[in-house]
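*Asks:* To start, I am sharing the structure in question, which I have written as structure tokens.
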Amino acid sequence: MKQKTLLAIAASGSGLFVAALVALMVSVYMDTPRAAPFNADFSLLDDRGRPVDKSVFKGRPSLVYFGYTHCPQACPTTLLEVSEWLNALGEDGRPLRALFFSIDPERDTQAVMHQYVNAFGDRITGVTGSLNDIRKVSQGWFIHAEKEPSENGDYHMNHTVDLLLIGADGRLKGLIPYGSDRDEALAKIREVLLDHRSGA
């Protein structure tokens, strides 16, 4: 584990430390995401109320993250990094979609998602909808997502914390693990964008 990740976790307090540790463990023991194109039918909405179906994974490369708005650390940290990467890519990154799928649609309504993702800029699209269709997508990509009771009587979600990097052909091109080095993450994204521009 990188030193900066350890420092960030230590500074977050004991409650966040536990949540972050669980998230990192989930990342390590996650199922391997599918390599074949995603082909299950589903019907969801983005944070602006527009329909989202399986075609969202084709035509343009995508950064895809599964999380939830009540997530204490991994989700906001990841979305902040994605926003920064998009800015760093500039015009070269215009073809790239950034999608944030809620694994907690019970609380993450369209309005909640819209407010949440817009805190990270206007390039990240939130996606939510019925739990059944959310599960089709998360399980279709072999993403771990599980509701767990919290000590305060509420609940939290244990989930995969890696980003999926999906090509315009709908196939998984790679993972960007939580806490990845900025330059390493950008190099992976640029490689997929280069393939897209060259028609590979």
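Just so it is clear, glycine is given a Cβ too, placed from its N, Cα and C backbone atoms.
These came from TrEMBL, pasted as-is:
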type     : residues       : note
BINDING  : C71, C75, H159 : Cu cation binding site
DISULFID : C71-C75        : disulfide bond
DOMAIN   : 33-194         : domain 'Thioredoxin'
*Asks:* Suppose you look only at the domain 'Thioredoxin' (33-194); what would the mean pLDDT be?
*Replies:* 95
*Asks:* Count the Cβ atoms, other than its own, that fall within 10 Å of the Cβ of C71 (Cu cation binding site), considering every protein chain shown.
*Replies:* 22
*Asks:* Report, as a single number, how many Cβ atoms besides its own are within 10 Å of the Cβ of C75 (Cu cation binding site).
*Replies:* 24
*Asks:* Kindly assign C71 (Cu cation binding site) to one of the three DSSP-derived states: helix, strand or coil.
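*Replies:* Once the DSSP labels are grouped into three classes, C71 (Cu cation binding site) ends up as coil.
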